[in-house]
Protein chains: 2
Amino acid sequence: MRNIKLTIEYDGTNYLGWQKQKNGATIQGTLEEAIKLLTKEEIELVGSSRTDTGVHAKAFIANFKTNSTIPADKFREAINHKLPEDIVIIKSEEVDINFHSRYDAKGKTYSYSIINRDIYPAIGRNYLYHIKKKLNINSMKEACKYFIGTYDFSAFKSSGSSVKTSIRTIKDLHIDEENEIIKIYVTGDGFLYNMVRIIVGTLLMVGNNKIKPEEITNIIESKDRQKAGICVPAKGLTLEKVYY
Amino acid sequence: MRNIKLTIEYDGTNYLGWQKQKNGATIQGTLEEAIKLLTKEEIELVGSSRTDTGVHAKAFIANFKTNSTIPADKFREAINHKLPEDIVIIKSEEVDINFHSRYDAKGKTYSYSIINRDIYPAIGRNYLYHIKKKLNINSMKEACKYFIGTYDFSAFKSSGSSVKTSIRTIKDLHIDEENEIIKIYVTGDGFLYNMVRIIVGTLLMVGNNKIKPEEITNIIESKDRQKAGICVPAKGLTLEKVYY
């Protein structure tokens with residue numbers, strides 16, 4: 001029995017997120033079917049996290065156990081051959097039999113992309129959240145630093161998930177801008193349900209001059225979901241990297 | 001009678017190019033139908049150029065004449081309301097009755113986007129041409145300068161178009177790179193049929209070390225289509241700007 005680790009890029013536009021379900025196509029379901037066609041085995045693909053409907057990934061990590069004799073690096077091409085064009089295996093490799101994509105993950109980086117102009121976009125519309133009103137980027141950049149550290153992020157968690165603790169560490173949060181495109185990058189040891197999208201929604205409150213950057217600390221300390229910003233749409237979100 | 005100028009962004013993936021035809025959806029056809037629904041007139045939309053199937057535009061220019069009393073700047077929202085999400089009017093304005101999008105165009109800037117890595121992309125796959133082998137970007141940048149100037153570009157023209165002269169002026173040609181994405185920008189007073197895509201194909205011969213940068217001059221002087229590079233796929237091409 002071997003353990004195969006996959007690095008996967010996908011465009012989440014046409015999927016109901018990562019996790020298998022009966023209502024429609026998912027990334028996990030589509031990949032498992034492709035791998036089963038190849039290995040003729042009942043494999044189970046373990047993912048590093050559950051991304052929501054419409055969320056994208058540049059380097060999602062997953063692993064599966066197999067008795068197949070296909071060389072580890074050949075899985076990439078063989079699986080890609082059976083996948084639709086919106087899911088691509090970037091790398092396939094053999095790892096220790098005990099490696100677990102989810103349990104062993106030490107951290108993740110996500111990006112969130114915004115187009116800030118008066119009219120919504122045609123090009124890249126599945127990857128960009130449109131904001132009409134000119135954002136105060138300097139204030140948003142200033143606000144980032146108040147998120148960095150180890151806190152109880154209960155105020156930045158949607159209901160519907162059960163986790164032991166809401167304490168998480170944000171290692172980095174920064175904003176890049178080029179013309180009308182704003183990209184927010186966040187790195188942490190783990191994220192609560194919808195946490196990245198609510199952090200972005202809260203940064204937008206700062207960008208719209210509704211709250212001051214330093215008020216972020218009060219929102220974190222309140223542990224009150226009502227005090228934080230909206231959960232912005234999924235399509236702007238991309239899983240950039242998983243750390244082990 | 002008024003003359004309305006439109007600035008249009010579109011994702012060309014699902015269209016048979018700009019020009020109306022009976023075989024399927026086009027940008028011009030889709031826009032004309034939307035405008036007719038609005039003005040209840042038989043309008044004709046004049047475009048700044050004919051983009052091919054799969055080519056995109058960030059600021060295509062078109063104009064139409066109308067007796068409608070809709071304020072010029074209100075056309076934007078009114079037409080957008082009747083368009084699919086892959087075509088967006090960025091701006092609508094009234095211009096001189098004699099303004100003609102194509103005849104009055106003084107120049108254009110196009111961009112061409114390449115992803116240079118070992119595996120094809122899932123994200124942005126409709127906007128990127130994938131090149132597997134590592135390109136020599138420095139040589140490509142060096143080659144750019146040999147294109148700049150006024151020349152007979154017959155070697156960089158696909159057959160199938162009839163034009164009076166093949167002499168064109170390239171004002172700028174440069175390359176930006178960020179990680180695995182390479183963007184080639186070209187500005188000229190006008191372009192022959194497929195000229196931008198053949199220039200990119202020829203720059204790729206340089207990037208693959210098949211020819212030296214200074215050999216570009218010989219290819220131009222030969223006026224021989226066989227000596228230039230391939231016509232690269234349409235999906236990497238975007239009309240960035242039209243100058244008047």
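Glycine too: its Cβ is placed from the backbone N, Cα and C atoms.
Curation plays no part in TrEMBL annotations; they are all automatic predictions.
The domain 'Pseudouridine synthase I TruA alpha/beta' feature in TrEMBL is assigned to A:8-104, A:143-244. The active site, nucleophile feature in TrEMBL is assigned to A:Asp52. TrEMBL lists A:Tyr110 with the feature substrate binding site.
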Distance [Cα-Cα, Å, rounded] between A:Tyr110 (substrate binding site) and A:Asp52 (active site, nucleophile): 13
Secondary structure of A:Asp52 (active site, nucleophile) (DSSP, helix/strand/coil): coil
Where the residue listed as 'substrate binding site' sits in the secondary structure, as DSSP reduces it to three classes: strand
Which listed residue (A:Asp52, A:Tyr110) has most other Cβ within 10 Å, given these are recorded positions: A:Tyr110
Residues of the domain 'Pseudouridine synthase I TruA alpha/beta' (A:143-244) by DSSP state, where helix covers H, G and I: 32 helix, 31 strand, 39 coil
